[in-house]
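So the structure is just underneath, and the comments pick up after that.
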Amino acid sequence: MATQPTPLTAVVLAAGQGTRMKSARPKVLHELCGRPMLHYVVDAALAAGASDVVVVVGHGRDEVSAALDKAFGAQGKKVRTALQPQQRGTGDAVRCAMPHIDATSEAILILCGDTPLLDPEQLTQLRGALDRAGDAPIAMLTAEVSDPTGYGRILRDASGRVIGIREHKDATAEERAITEVNPGVYLARSGFLGRALAGLTTDNAQGELYLTDIVAQAAKAGGAAAVVARDVGSLVGINDRAQLAAAEEVLYGRIADRLRKSGVTIRTSARIDAGVLVEPDAVIEHAVVLRGRTRVGAGARIDVGSVLTDVVVEAGASVKPYTVASQSSIGAGAQIGPFSHLRPESQIEADAHIGNFVETKKTVVRKGAKANHLAYLGDGDIGEGANVGAGTIFCNYDGFRKHRTEIGAGAFIGSDSQIVAPVKIGAGAYVATGTTVTRDVPDEALAIGRVKQENKEGYATRLKARLKDAAKK
């Protein structure tokens, strides 16, 4: 009869700030393939058989907790948080989690929240190693790497038994030459872990409570079972934007391989010129091209297939798929696209909307103004809060010269209107649908210039009969 695996709880360490990310967002909430990295770690723990997951939060705890609740809230108490009030080391972080662990859990799986490539199969192997380890109170993953800089080194005795871990900053020159390292994945028996955490001290180079020190205690209490990881890449932690990008490429590769095997062709790329500047927390999606002196502000999003040349995009703006823009500016919180075309000298101010199949040229669209569908807006000034309906055309060219159109704040331009420049439409004015405007419209006035509708009863029947007879001849 097969032995039942040990019931376990996972503890995920996610309290760190991640200063090398240079971001206001907590490190573990940075996304890969559309999901925060932390969610991949939680998924791996659950897939490896954890009955519940305790995530230790600290920096940005409200944001992290909210993100977890949104993603895993439907699972009730299966995923919950524990607060680490001060960053006093990984050992202290696990201490903070202990009161939140169910008393029925016999083992505790400890993971880092910045390792989104974790393979659940490797975690399952670790679980099996602890079950086979007899009296050993802990099992851990180790990895052989070519450059161990920054990692804790695995210390073994003459017989090859693991006797401890030495953090890089505390290691001697001889110990730093060791290439077997600690990737930070442990599975410890609950009773042992509680006692070991109580025995931790801050007698080290960083003055912190090192979780790694529990391995030396385990070696004296029955041994530490070590499983050498076959896939070292899956254990890599994310500390900066370059590592985030590399990990995302791995994840995209996994997704692409799966889809390609099902018959899908996938091509992904982004091209960014050397002169382009992009601020923290901006998102540049696939197949985006950023050229020249383009600037993208903090938190802005440039979506799939967009091409921007010498464009300033302010903080929080959204450029939706397949937008083309050049020598223009997009204000904070503005929304552009999809399928918009901003030609040179377009100025889209804060919170304005330029929608699908709208073209602008030498036009100012002031704060909160909207042109959401099918319009040409050339040589114009559209006032704050004005609305330009679908099918509106600024008739700005007489064959020899360009002329300007001015629309006042809060004005409403009905669909399928033609504005023959030069012309001014006053603040709060209303242009009826289908109107051709050739003269100035005063403030709060209604301009209507369409032909009066006439209904001829029975005419359609007679017309169709006549056309049918003509077709027979």
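In case you wondered, yes, glycine gets a Cβ from its N, Cα and C as well.
According to Swiss-Prot, the protein carries these features:
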- H373: active site, proton acceptor (ACT_SITE)
- 13-16, K27, Q84, 89-90, G152, E167, N182, N239, R343, K361, Y376, N387: UDP-N-acetyl-alpha-D-glucosamine binding site (BINDING)
- D114, N239: Mg(2+) binding site (BINDING)
- A390, N396, Y397, S415, T433, R450: acetyl-CoA binding site (BINDING)
- 1-241: region 'Pyrophosphorylase' (REGION)
- 242-262: region 'Linker' (REGION)
- 263-473: region 'N-acetyltransferase' (REGION)
Exercise. The region 'Linker' (242-262): which same-chain residues, six or more beyond its ends, come within Cβ distance under 8 Å?
Worked result: 21, 30, 32-33, 37, 40, 116-117, 233, 236, 268
Exercise. Taking the residues A390, N396, Y397, S415, T433, R450 listed for acetyl-CoA, what is the greatest CA to CA distance in Å, to the nearest whole number?
Worked result: 22
Exercise. To which of the binding-site residues Y376, Y397 does the lowest count of other Cβ atoms within 10 Å belong?
Worked result: Y397
Seminar exercise, completed: Taking only the CA atoms, the spacing between R343 (UDP-N-acetyl-alpha-D-glucosamine binding site) and N396 (acetyl-CoA binding site), expressed in whole angstrom, is 15
For this session: Fill in the CA-CA distance, A390 (acetyl-CoA binding site) to H373 (active site, proton acceptor), as an integer in Å.
Result: 5
For this session: Summarise the region 'Linker' (242-262) by DSSP state, stating how many residues are helix, strand and coil.
Result: 20 helix, 0 strand, 1 coil
Problem set entry | Among G89, G152, the one of these binding-site residues whose Cβ has the fewest neighbouring Cβ atoms within 10 Å | G89
Exercise. Once the chains shown are all counted, how many other Cβ atoms turn up within 10 Å of the Cβ of T433 (acetyl-CoA binding site)?
Worked result: 15
Exercise. On a count of neighbouring CB atoms within 10 A, which of the binding-site residues L13, A15, A390 is highest?
Worked result: A15
Exercise. Nearest to S415 (acetyl-CoA binding site) in three-dimensional space, by Cα, is which of the recorded positions G89, D114, H373, Y376?
Worked result: H373
Exercise. From the Cα of G89 (UDP-N-acetyl-alpha-D-glucosamine binding site) across to the Cα of Y397 (acetyl-CoA binding site), what is the distance in angstrom?
Worked result: 69
Exercise. Considering only the binding-site residues L13, A15, D114, G152, which residue has the minimal Cα-Cα separation from N396 (acetyl-CoA binding site)?
Worked result: D114
